[in-house]
């Protein structure tokens, strides 16, 4: 019987590659997306359109509103920085977001009798978010196996991070080798009303850098600067 895996799937470059990797590894992918009040709602439209064509057995969209808490340029009126990737944790960091996302994934995994979760975090070409680091994932996996019925019964739950040590260029090359169509992904934090990527936020800059280093043209549409 094919093993199930819950895939955290935003509709972005990394999570789409992650879904393709899980499928290649023989898992039946269950895609999990979140509408949490993010200003870049375009990613959800992409996720809804492409989860099943990408091979997801099911696609669950969970809705909650982190705008009530604020604290991030992605969930409040704070301006999205456009001056480049800096050294400090940027204002686009959403407090505890991956902890929240993984908790929903953990709950759905238990319901599905599933012991594998995939998340597309990356610790090389990234914005410096603390919940994208290997130490965080390791600690969360330890907690998950202490806090669940499956873990207590010895059915070890594993959090897979296949992109954690890859550059953005390597992620793109991996995805292309698996047939990922990157025109059907969205990365921009501050897109135009027509969906065009800004080309200047951290996420756009990292994406463009990755495509340039991979020697591939980015197929998404950008605003004319």
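Glycine is treated like the rest: Cβ placed from N, Cα and C.
Annotated ATP binding site per Swiss-Prot: 9, 10, 11, 12, 13, 14, 15, 16, 17, 18, 19, in sequence order, evidence recorded as sequence analysis. Within 10 Å of the C-beta of residue 9 (ATP binding site) there are 31 other C-beta atoms, taking all protein chains into account.
The number of other Cβ atoms within 10 Å of the Cβ belonging to residue 198 (Zn(2+) binding site), over all protein chains shown, comes to 19. Secondary structure at residue 198 (Zn(2+) binding site), taken from DSSP and collapsed to helix, strand or coil, is coil. Positions annotated as Zn(2+) binding site by Swiss-Prot, on the basis of sequence analysis: 188, 198, 201, 204.
Note on residue 13 (ATP binding site): other Cβ atoms within 10 Å of its Cβ, all shown chains, come to 27.
The two recorded residues residue 15 (ATP binding site) and residue 188 (Zn(2+) binding site) have their Cα atoms spaced 14 Å from each other.
Cα separation, residue 9 (ATP binding site) to residue 188 (Zn(2+) binding site), rounded: 15 Å.
Long-range Cβ neighbours of residue 19 (ATP binding site) (same chain, at least 6 residues apart, Cβ-Cβ under 8 Å): 7, 9, 29, 31, 51, 54, 55, 56, 118.
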